[in-house]
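Everything below concerns the one structure shown next.
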């Protein structure tokens, strides 16, 4: 009657190996691309190169983490690339000009304050997205598509299309440490990688060990059912878009700091890379399914693939083709996995109720 | 041949012999013989789950018989697909309308069967003309080029009938055609039925409204638990006869009450009302009171406003009026989670749509409403969660291989237990259950009844909504009957079935009966 432990028959056990392999497919893919480029591209395995690749991956990984939460709730955030650009411009503006209060003097900020304000700008953009979606019932695709244009336009307006150069900060204002965000390192590992590690751990923790995380999955799985179970759907959605905005702000800061300049066109098409990483990591576009860990692995697969191909001298046109094929293959395998998983679960339950 | 002798006036158009339909876990039909007589209204009646829909799906070619045969003109036919049945002149109008509100009336009528010129160009003129002819035959003054969404529900129902007639249906199955109609529209429908009869169409009429059946029907067949319990011409049939055939003498296992005394009033609703789109009320000034340990059965037909009332309690309708009290204190909270915190819990009618998150695991579904109970500030203790889940799986005897499997892999009865478990984990004082036994097999039903008794004896007040007469009579300590959004009757335990049914019949059909 109360068979609570899995006493699966031998037959399903055999299928489970295949299922395990399919579940770990992104990881397998990661190992494969790593192994391949280690042979095919000289110097690929060197420490210097590993750090370089990680830095490239990190940019995409931040956005992909935010995107994963959004997609799990059944939404999409197309605005992140533009928000990266906008936040970079805000950082540049604050460092160069401060805020002119119109009384003949201006307020200047130190590095930490700049970071805080930029993060707030990103969260605010996310708040607008969330409000449009939850209060005005705008489809997430449309709301964030609109925001994509608004944010990019604002970024261009802020400098009339020009670049804010020489963002070295000013020692007097305490902002001379600004370039450290992107270029500095701690214990031999770049600061931005530390940031990524912290964000990843925090996001994984939210996803698996907090009620908020459980609610994110429930909203994506069945919004009506979640609402009737007492989940505050609006609040959950507001959180994911604001979190995604925060991630975009971090990326904006990092890029501005790395380049010591901010250009309003920064971040174009970043949203598509973020979606690709999330999907490659097993996030379902129909909502309810996805893991932060999977997304990180997905971001690494995409990053290593493009850097490896560059090192091998493959043309960038071919790179795009290959990237696209990998993403499509990932989703095809994902469908096969969920079918198999359903079958295994059904056969287990059928055995239990017998 | 168990039924009445076929008369020359109404020749048998289609008959079913020894129909058996087995679904995994249940036998929906157990050797059913059924005749459809042409030029007559063949009424089919039975409770939810008696097998009416299955029988109709078989006739319409949607489902295949496990055993038995379908005979048309004495020859056995086999419907592999809906199109086969359509080719034999069988049309069906389902209870839920299958129409496209943004297309025109004519486009709807000829959906999928558009007359073509040169094999690809839709002959719009012919579509409109033939639709106008059909609507003329139905005496309806509806513009074929109007957008369907602009029509009233009753008119849309008539479009569905026109659609079936456009396929030259000789046999027309109407499944609960009046559940969404107003009194005037019911009259129109009955006139149409008379005309179709005169044209020699055989009509199968399914309804729960017994007075309506007696008025419109020529032959009656009663189904109970997949078996025919009565089949005769309509002459001399009265409501008590139908009720007897529907429920039978023997009673199912409703595990008698423990005879515990009820406690204080735990829940009260005062003057709850919910306006309907386009005028009228879905819930019309409903007041009720519930004591702890009491099982209150709310009986009524579909569309009586029972589910909507429960949804009002669960804060699903911001436009509703009235006041709720839990343990004497007014419940002003407007959000679902705060109402849950006040001790209200709902087991919704539609498990798939409202009750469960299908792709989440059994464990995650069970604890979804009560995550706070093992959360400190923001940290969930997964081991405490697993303990609670194990405990509830044992208490509710949910049969699972692993709590980590997706909830969609469970059978209907076990899924329902998960929904109940989720509600119980919130520690409710008032448990509202909407059709708790719908779509689950008899064994699981008995277990759910037992669980309800058990919970009541532990002091929880239970309000349950059902369309199953036997269930409401067998399980309730007190019965409320609703019709057209109003409470139309209150009965104590051991009430007379016929009186309960009479109270559940909306006024409009009574008027129709008098007319």
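Residue positions begin at 1 at the first shown residue.
Yeah, the Cβs are placed from backbone N, Cα and C, and that goes for glycine too.
Curation does not apply to TrEMBL; its annotations are automatic.
Per TrEMBL, the feature transmembrane segment maps to A:27-45 (among others). For the transmembrane segment (A:27-45), the list of distant contacts is 21, 280, 297, 300-301, 304-305, 308, 311-312, 326, 330: same-chain residues at least six beyond its ends, Cβ to Cβ under 8 Å.
According to TrEMBL, the transmembrane segment annotation covers A:57-76 (among others).
Residues annotated as transmembrane segment in TrEMBL: A:82-99 (among others).
Counting only same-chain residues 6+ beyond the ends of the transmembrane segment (A:111-128), those with a CB under 8 A from a CB of the stretch are 77, 79, 83, 86-87, 90-91, 94-95, 147, 151, 169, 174-178, 180-181, 238, 241-250, 252-253. Per TrEMBL, transmembrane segment is recorded for A:111-128 (among others).
Residues annotated as transmembrane segment in TrEMBL: A:186-207 (among others).
As annotated by TrEMBL, transmembrane segment applies to A:238-257 (among others). Using a Cβ-Cβ cut-off under 8 Å and counting only residues 6 or more beyond its ends in the same chain, the transmembrane segment (A:238-257) has close neighbours at 58-59, 62-63, 65-67, 69-70, 72-73, 75, 77, 79-81, 83-88, 90-92, 114-115, 118-127, 129-131, 133-134, 167, 178-183, 192, 195, 199, 212, 216, 266-267, 270.
Look at TrEMBL and you will find A:292-310 (among others) tagged as transmembrane segment.
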Could you tell me what the rest of the chain brings near the transmembrane segment (A:292-310), counting residues at least six beyond its ends with Cβ under 8 Å?
26-27, 29-30, 33-34, 36-37, 40-41, 44, 52-53, 56-57, 60-61, 64-65, 67-68, 200, 203-204, 207, 273, 276-283, 316, 318-319, 322-323, 326, 330
